Structures are given as C-alpha cells and as structure tokens.
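**Student:** Dumping what Swiss-Prot says about this protein:
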type     : residues : note
COMPBIAS : 22-37    : compositional bias 'Low complexity'
REGION   : 1-77     : region 'Disordered'
REPEAT   : 80-171   : repeat 'Solcar 1'
REPEAT   : 299-401  : repeat 'Solcar 2'
TRANSMEM : 87-107   : transmembrane segment
TRANSMEM : 151-171  : transmembrane segment
TRANSMEM : 183-203  : transmembrane segment
TRANSMEM : 242-262  : transmembrane segment
TRANSMEM : 302-322  : transmembrane segment
TRANSMEM : 371-391  : transmembrane segment
Amino acid sequence: MTSRRPDSFEGLGYRGREDPAFSGGYSGRSFNNSSSSDLQNWVTTPPDIPGSRNLHFDDRTPQFETAPDEAQSAAPPSEQLNRFAGFGIGLASLFTENVLAHPCIVFRRQCQVNYHARCYHLSPMTAISVMYNVTKTQGPKALWKGMGSTFVVQGVTLGTEGIISECTPLPRELSHKWNPKQVVGHLVLKGLTYVVAMPFYSASLIETVQSEIIRDNPGILDCVKEGLGRVMGMGIPHSKRLLPLWNLVLPTVLHGILHYIISSSIQRLVLYLLRRRNNGSPKHSSPGSGMDTVQSMLDAYFPELMASFAASLCADVLLFPLETVLHRLHIQGTRTIIDNTDLGFEVLPINTQYEGMRDCINAIRREEGTMGFYKGFGSIVVQYSLHATVLQITKMIYSTLLRNA
C-alpha cells in the first residue's frame, strides 16, 4: 500500500511551506522560527463553523447541550395533549359502549324474548337484583357471553357497507350539500347492509341470550359459521317454527334504518346546540391562560361524545318496542334456552309460534299488554347511567391532567 504522506512532510515544519497560488500577502508561519508570543497569538480557540449562521463579532454558536432544552421549551405541549386526549377519550367511549354495557345488553335481550316472564323489569333496581343472581349462580361469564360475536357483526356490517359503496354509486356518507336522491341512495345502502348482516346478527343474538348452563364455549368465528349455515339451510337443526330469512327482512331493515335516522338526527341537533352554546358563552379567563386552554380542549372533544350518547339513548328508547318484536322473531324456532329473568336461578325454553311481524305485535299486546313491549327497560337505564358516569369521570380526569400539565 502506498503512503499518502507528502514527500516533503517534516512534522510541524510542513506549515512553513508556501503555496504559490495563495502566497500573495500572506506568509506562512513555522513553529521552528516563531517566538512564544507569536505562538500564543497564533494558537487560539477554533473559530466558529463558517456558513453555519450569520454571526457578528465575538458571537458563538450555542453549545449542543443547550439546544434540546431550548427546543423543548419552545415547543407547545398542546399537540401532545390533543393526541393524548383523543386517544384516551376514544378508548373510554369504545370501552363503555362495547364492553361495560354488554351485561346490560345481554339481560335486556333475555327479558325481551322471555314471554313467560311475570316481572317486566321496568325499574333498574329489579334488573340489577336479577343480574346479580345470574352472576352468582352461573359465574361472571354469564353476562359477558356473545361479546365476541357482537364485534364480528360490527365488522361484517362495516365491511359490507364499504364493499357495496365501492361497487355501486350509492353514497356512503352525505355531504353538506345533499339532495333527496343522495339521501335515498344512502338509505338504500344502509338497508342492503342490514340485509347482508342479518343472518350473522341472528346468530349473535342466540349466543347472547342462551343460558350459560347448557351453552358450550363457542369460538369467536362460530357466529359467521352459524350465519352462513342459516343462509344455506345447514348447520344446527331447527324446529319447524323457524321463520325463513325473507320474513325477517322487513323488521330488520325497518329497525336498522329507523335507528340510524333517529340517532343521526339527534346527534346533529345536540352537537349544533352544544357548539352554539359554547361559542356564545362569555370567556372569563384571559386568552392564553391555562383555564382557557383546558376549556377549549374540552369543547373540542366532549360535545361529540355527548351528542353520540344522547343519540344512542333516544334511538334505543324510542325503538325499544320494535326491538322486542325483532328479537322474538329472530329467536323463534332456534331451540334456544334462556335464563329465567324472574329470579335468575332457572332456565326456560323459547317456544313461540308467531307467523310474522304483525302476528307478533298482536300476540304481545293481547297476552302481555302494552308494557310487554318494554320488558327489560330497566337495563337500558342501568346501561346509560354507567355510560354517563364514565363520560363524567373521563372529563374530570382529563381536566385535572390539563391543569397540571
């Protein structure tokens, strides 16, 4: 390997050479023939990096250690707080709607399909008492059954809606400048989605209301298998009272579209009123203060949560009688055994003989009275009371974190 050392390199004396191209007016300095005073003037601290920034005389580039602290102090924490707030609030809402509320949904459905029941559970106190007895007798899993199948049904619904909207001109969402044609197309898309998801919804309903005493441990995809089996007429044998799927299309689509219309209308109305109130309320704190930042972030997230909460509550309450009819038609002929909702210690079979939606409505009104459509209504009170409590706790925690940030 050849050396890269210059031929005339003689240690520090190499600095004594003069380059002809750059020697005009500048003489090279040598350590060998320089005095100590010259060395002190010539050997100084390294100059600042040229071109790094425009420096004046005696200016220095800030040290590397101080740069991160200045950058951190200059960066506002609002963006990180917004991300944390959005994730935390969304997670709390998802947990409340799909996990914490599931025992109330299970008990409500059992009450709706139990035509034997003498106690209608219109009050939340009686509902809580029987739910406690069921949990004490069958274990904590008794009121959490079928939760996986509900997620499967939600996934099938979202996937079907996306596929149909991509393959057809039906709009998946309505713009601000909508017209009647777009509204009709959007509702047709929703109706087709409910028709496709209907057999899987029926299988999920059976998993949620069937008693834990005689129930096996189904897999999370058994809902899909049972739904496809019901479409093709295969799978678990059913009785002759099982209604064909085309008889279930009208109540299923009617309930789904009405629920969507009511919830969407209430949500937009409540969101408009909340934002109008927040924009019209006077600001007592000075701009840029901590309280103003907290209030602005709360106004950005919680109106949507409150609007969604009010929309779901109104839709579930208004459509409770129709939901009772729908669940009784779906469960008929499936040889399902449910818990006795009067006491919570026994099981009962479902042996109804409805011929259709109109016959079911007339039979409930004739045999159980008008309040028979509201069996299990107390569980809705418990469900949305828990939901409101979680929202309030989340708001308090979030406000505390923002004030201490």
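Cβ from N, Cα, C; glycine included.
It should be emphasised that the depicted structure is a prediction, and the values quoted were computed from it without experimental measurement.
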**Student:** Hey, which bits of the same chain come close to the transmembrane segment (371-391), Cβ under 8 Å, at least six residues off its ends?
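**Tutor:** Contacts of the transmembrane segment (371-391) (Cβ under 8 Å, skipping residues fewer than 6 from its ends): 92-93, 95-97, 100-101, 104-105, 107-112, 114, 117, 120-128, 131, 302, 305-306, 309, 312-313, 316-317, 320-321, 324-325, 341, 364-365.
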**Student:** When you scan the chain for residues with a C-beta under 8 Å from the transmembrane segment (183-203), skipping those not six or more beyond its ends, what do you find?
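**Tutor:** Cβ under 8 Å, 6 or more out: 149, 152-153, 156-157, 160-161, 164-165, 168-174, 222-224, 226-228, 230-231, 245, 248-249, 252-253, 256-257, 260-261, 330, 334.
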**Student:** Could you put numbers on the helix, strand and coil content of the repeat 'Solcar 2' (299-401), residue by residue per DSSP?
**Tutor:** 73 helix, 6 strand, 24 coil
**Student:** Counting by DSSP, what is the helix, strand and coil composition of the repeat 'Solcar 1' (80-171)?
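**Tutor:** For the repeat 'Solcar 1' (80-171), the helix, strand and coil counts are 73 helix, 0 strand, 19 coil.
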